[in-house]
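Asks: For 439-446, 1103-1110, the entry in Swiss-Prot reads ATP binding site, with the evidence type sequence analysis. Here Swiss-Prot flags 59-369 as domain 'ABC transmembrane type-1 1', drawing on sequence analysis. Annotation comment: Swiss-Prot describes 404-643 as domain 'ABC transporter 1', evidence class sequence analysis. For 724-1033, the entry in Swiss-Prot reads domain 'ABC transmembrane type-1 2', with the evidence type sequence analysis. The domain 'ABC transporter 2' annotation in Swiss-Prot covers 1068-1307, and the record cites sequence analysis as its basis. Among the features that Swiss-Prot reports, N-linked glycosylation site is placed at Asn98, Asn819. If you look up Swiss-Prot, you'll see 51-71, 127-147, 197-217, 224-244, 302-322, 344-364, 725-745, 776-796, 852-872, 874-894, 958-978 marked as transmembrane segment.
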Amino acid sequence: MISNPSETKVSNFDDFSVFDVTPDPDELARKHKKPNDHGSVSIKELYRYAGFIDYILLIGGIIGAMAAGVLQPMQMLVMGDMMDTFDTSSMQNMDFSNISKAEQIEMNYELTASVADTINDLVLKMIYFAIGTTVGMFLMHFCFFVLSERQGIKIRMLYFRALLRQDAGWYDFHESGELTSRIASDVQQIQDGMSQKFGVLFQTICGFIAGYAIGFSKCWDLTLVIMAVTPFMLITVLFLGFFATKFTAKGENSLSDAGAIAEATIGNMRTVQSLGQEHEFADAYDKKMDSIKKYYILRAQVVGVGLGMLLFFMMGSLALGSWYGSLVIRGKGASKDCSAGTVMVVFMSVLMATMSIAQVAMPINALSTAQAAAYRIYQTIDRIPDIDCRSTAGLVPTECIGNIKLEDVQFRYPTRPNKQILGGLDLEIKKGETVALVGASGCGKSTTIQLVQRVYDPVGGKVTLDGNDLRELNLKWLRNQIGLVGQEPILFACTIRENIMLGAKDGETPTEEEMIECAKMANAHEFISHLPEGYDTMVGERGAALSGGQKQRIAIARALIRKPTILLLDEATSALDTQSEKIVQQALEKASQGRTTIIVAHRLTTVRNANRICVFHQGEIIEQGTHQELMDLKATYYGLVKRQSMEEEVDQETVENDLKKFREQEDKEAEQGILHKEESSTLESSDVVERLTKEYEAETKYLKHSNRFVLLRVLLNNFRHEWLLSFLGLIGGIGAGAVFPFYMIQFIGLLMTLMGMSPDVEPTTEQLHTVRNKCIWILLFGLAVFVTTYMYLGLFLSAGEKMIVRLRKLLYSALLRQNISYYDRKENMVGKVTTRLASDPTTLKGISGERVGNVVNTLSSVGFGVGIAFYYDWKVALCVMAIAPVLIVIVFLNGKLNSIQSSPATAAYEQSGITLVEAVESIKTVQSLTREDFFYNKFAADLKRPKKNILRWGPTLAFVSAANTFVTSCISAYSFYIGTYLIKKKSDYNMEFLPFTAQFMDSFTKMQKAMMSIMMAANSCGNLGQMIPDVGKAIEAAKNTFDVLDRKPSIDCYSEEGETFNDVKGEIEFKDICFRYPTRPDNAVLKGISFKAEQGKTIALVGASGCGKSTSIQLIERFYDPTYGDVLLDGHNIKDLNIHFLRSQIGMVGQEPVLFAESVIDNIRRGVPKGVEVSNEQIYAAAKMANAHDFISAMPEGYNTMVGDRGAQISGGQKQRIAIARALIRNPKVLLLDEATSALDSESEKIVQDALDKAAKGRTTIVIAHRLSTIQNADQICVIMRGKIAERGTHQELIDLKGFYYTLAMQQFGTV
């Protein structure tokens, strides 16, 4: 547990300087040029954050890759020597008439022994080459694994630090969802491009160069002829790289937009489901996915055509080379004394070099994707904001006096430059003075507070503190002098203790007693003490485990613990009940003494003791003075106060005594309930826990089954939906795999024909005919490989991209389907869920698309290769197959180890995603608390586990990958050894020499065909081994994906089941409702509540924060089901009703209204039930009813004005009015108002309240309100205390009762 966040330091993350991943972004930004403007960075820029150790690893990896690339074609030199060992063409013209048969038999034995000895020596050379290649492969895999993991962590941290650094103006143009999805997708793609795939690029390039170098050294003119088509191949490679990068960049931009939609909705599921907007958001997400699919399919087509063309040109070059090779052997070429072995070396080395180009598609694709992703990430990292919270520049005064002055301040929001918010504002606040800002919503009050914090800079004029322009002060010092409580308090997903401690100044360590004292001042200590875990209670995401009032009290305690010189209170008590408000208000007034305090409030009773009250109107101060002065003036302020007043006068002392009496009575009842709780609650709680656990297990009962055959499910999913593409791709993959084994048969036959030629003897007609036919066959194979490569790569890639897009759609849709309790669980926090949504489908490419095509191609190549080997020499094939299981075990061990390694890393990245989302979504709160370093360190701590795994897993994974190469090479060497041994064993030595050599050559030809087929099969298995790491990670991602897809929530918003009925009246009834949250089964929230709201009646729920009011509304919306009891709509149990039908009858306005990052009109239209059409005029009418039409129309773009991420571009009151309009456009039978007017100013509240009263006519309305003036006209008021209804009746009945409600009403309003 972190007792004091201010004690953490940035440097505490790294235990080893060798793994330091926290360079100073300022220094890096100065040292490195910014990326180019073409949507991708250069390779040099890609590695811009590499340190000394990283460059050592990069160089080591490149050396290893180059060694592996060079040594593989060099093995062809050994193959050529083997070929020359069997060359008997020089013996064809020898005269054997004078040699006895016994001597010829002796010659047979000598020839066989000589060949066997030579082969054995060459086999040893092959082993040596294999060892060298294996060392190179180990070095490549180890270095690039460690390098990519280190760089991935480093870039993640730099990107997160850059996000924490950016100012509010920048965030106004960027949705938080877009930014947070980048770290899950873009950084992973950068890491992927820096991984072993980058090493494979060097390996293939060096293999290409080495192959041609060997060719030139052995027979330069033959190599030159083969190279005649190289320019065409280079053009193809350039074409491939350019278009792959272009389409990748466009696709990734659309992916970021989709990520923003996902985060906005997943983070606000209550709003989405209450509006029944699951399908609409899913459709919007699907449109972004369709855009991605378009670009990725274009990329797939480019890759398929490009690689097919490369292989066609390669085959064409070999056909041309075969024809010219026959001339060289006959001495008619520029090079002389070229044997068949030399021609084979040239052919095989150039073939291997050219085939390496075919393998370049995957690393080029990964690299181009990484370069495009790096461009987007590095742009953010490079940006140094104008308001830089990390800057050490600026004045740091020795003390802060607290004199604030705004001189002719003009301000416009960056996203609305044509809309003036403040127009020449002049305001001076002296040390220790309390100034209240009042006025209509959107008039500039909260903007003024943001300018004092320097969240923004004014566009004209200046803001000064103690005579210093804020722009001249050190920003961190400035914000450390300020304590802020905002209108929508933000808590972080940690304990209550940590949340309060986050308010402490840098370098200060408040004691436990000081923290508790601040909680008491905020009237929070009592409710915290009643929580099972007390101050160690986790508050959930954005404080979701607490009520609005509880959150606000903790936020107040957080501000008080800072002991600030300046206190900013922006509607600090708006979410508090009357009882708490009075206590907290007194605490705030006490805390304000000696401090400069600025208060923004709509409840004017909270500002009457201010030294000065400033009345704002359209960005200007139209009245200012004390409360009494403004009341005497009888102008705007006077009218506002009158509208909030009641016509009763009370004795405040009596009220205080009554409140004290009720609190003591409540505590006494609680103490008396302890004995009963001890006797019965334990058994009850255990039963409830068991029941809730069983319900959760029922929802997830299919998950274990889904994980068993997840690989098969992905493949079948792909084939079922894209059967035509998959079928054609399957045929293409089988065909492409068959081409090279059959090509090798023709090639060996060609070599045998060439071995029979010599410069001294004219070739026979049959030999020339064979050479011509073989060249034609090779050219036909080239055409075949072009078609089949396009089919298996282009079509499988297209099918794979479609599958990934489809799975993204299904996964997002499944996430929208989950009930609210799913998101209450720690393992399903928004950050984790959005990280999975961004990364898991991308990782699934390891078992789809291109990978499936490559696997089919490989298995086909292996199958045909083994079949051909058995056909030509079954003994050789059988002997080699006997050791093949070793290679199979290594291949699958590689996959298993990669899956094991990726699982904890994935979990760590998901956990870091929670921190990222939490900080970015609440960036203004983070920066106002100067807690950037706290969240940075928290993020760094999340990444410790993958960091530690780097050295643990690097050598193991590299060893297994390198072992794959070694075993493949050993199989080739063993093939030659066993093949020669078998030829030696089965040869008939009692023959004359010439027949013996013919028999020997026939056996050799068959063995050669069998061995080359086996070698191609072994090489294919080796290539399969390089794909296995991605397969392991993809299977893990597939499990996560299908876990969500298979989960059946108990409250299924997609369900078509359930009753519907006509003529809905809207009668709501609670029958003995008991409720516990599934994640907190030990805490009983509602304890047997019963009430009935008849058609057209209004029921008000009042009570202290956390007593269960908002929970009741959530039960009506059926976000949860009651633990016991029933909720009825018109006598129907809502569990039996169709969920969409139920929610379409309800309009809800919440305490903290959520708007989406779209236009005003689109936000209002979100309230329209599915299948209903509304006109713009109806939308305008709803806005007028909510008193929103005038301010919307006054905006430069009117109803088309974008409200920003979570409505950040408009004020709290404006947001709430738009939310009310959104509820009214539904024309609901049941209206749920949870503090619906809490953020409105007095004038707007009166108008909106009248509108709501009018809208409530004919509708059943459930109202939650702390402002009791808003519920005076309710048909029934229920006072909830500790989960039970303590009092009920009309306003007058409860006043006459002179009970708790009466006391609250008198305490709240007092006298005027």
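Each residue, glycine too, has its Cβ placed from N, Cα and C.
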Asks: Taking Asn98, Ser441, Asn819, Ser1105 as the recorded positions to compare, which has the smallest set of other Cβ atoms within 10 Å?
Replies: Asn98
Asks: Is the transmembrane segment (127-147) packed against any residues at least 6 beyond its ends, judged by a Cβ distance under 8 Å, and which are they?
Replies: 50, 54, 57-58, 60-61, 63-69, 71-72, 74-75, 78, 194-196, 198-199, 202-203, 950-951, 953-955, 957-959, 961-963, 965-966, 969-970, 973
Asks: Under 8 Å between C-beta atoms and at least six apart in sequence, can you list the same-chain neighbours of Lys1109 (ATP binding site), or say none if there are none?
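Replies: Ser547, Leu1101, Val1102, Gly1103, Asp1234, Ile1264, Ile1280 - these are the non-local Cβ neighbours of Lys1109 (ATP binding site), listed in sequence order.
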Asks: Using Cβ atoms and a strict cutoff of less than 8 Å, what residues sit near the transmembrane segment (51-71) while being 6 or more residues removed from its termini?
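Replies: Here the qualifying positions are 18-20, 23, 129, 132-133, 135-144, 146-147, 150-151, 198-210, 356, 965.
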Asks: With the transmembrane segment (958-978) as the reference, which stretch in 224-244, 302-322, 852-872, 874-894 has the largest tally of C-beta pairs below 8 Å?
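Replies: Of the candidates 224-244, 302-322, 852-872, 874-894, 874-894 scores highest.
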Asks: Would you call the transmembrane segment (852-872) and the transmembrane segment (725-745) in contact, using three or more Cβ pairs under 8 Å, pairs 6 or more apart in sequence?
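Replies: Stretch pair touches.
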Asks: Where does Gly439 (ATP binding site) sit by DSSP, helix, strand or coil?
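Replies: Gly439 (ATP binding site) sits in a strand per DSSP.
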Asks: Can you check which residues sit near Lys445 (ATP binding site), meaning Cβ under 8 Å from its Cβ, same chain, 6 or more apart in sequence, and list them in order?
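Replies: In sequence order, the residues whose Cβ lies under 8 Å from that of Lys445 (ATP binding site) (at least 6 apart) are Leu437, Val438, Gly439, Asp570, Val600, Phe616, Ser1211.
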Asks: Could you pull the average pLDDT for the domain 'ABC transporter 2' (1068-1307)?
Replies: 85
Asks: How far is it from Cys1107 (ATP binding site) to Asn819 (N-linked glycosylation site), counting Cα to Cα, in Å?
Replies: 23
Asks: I need the CA-to-CA distance for Cys443 (ATP binding site) versus Asn819 (N-linked glycosylation site), whole Å please.
Replies: 39
Asks: Please classify the secondary structure at Lys1109 (ATP binding site) using three-state DSSP.
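Replies: Assignment for Lys1109 (ATP binding site) reads helix.
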Asks: Quick check: in three-state DSSP terms, what is Gly1103 (ATP binding site)?
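Replies: Assignment for Gly1103 (ATP binding site) reads strand.
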Asks: For Lys445 (ATP binding site), which DSSP three-state class applies?
Replies: helix
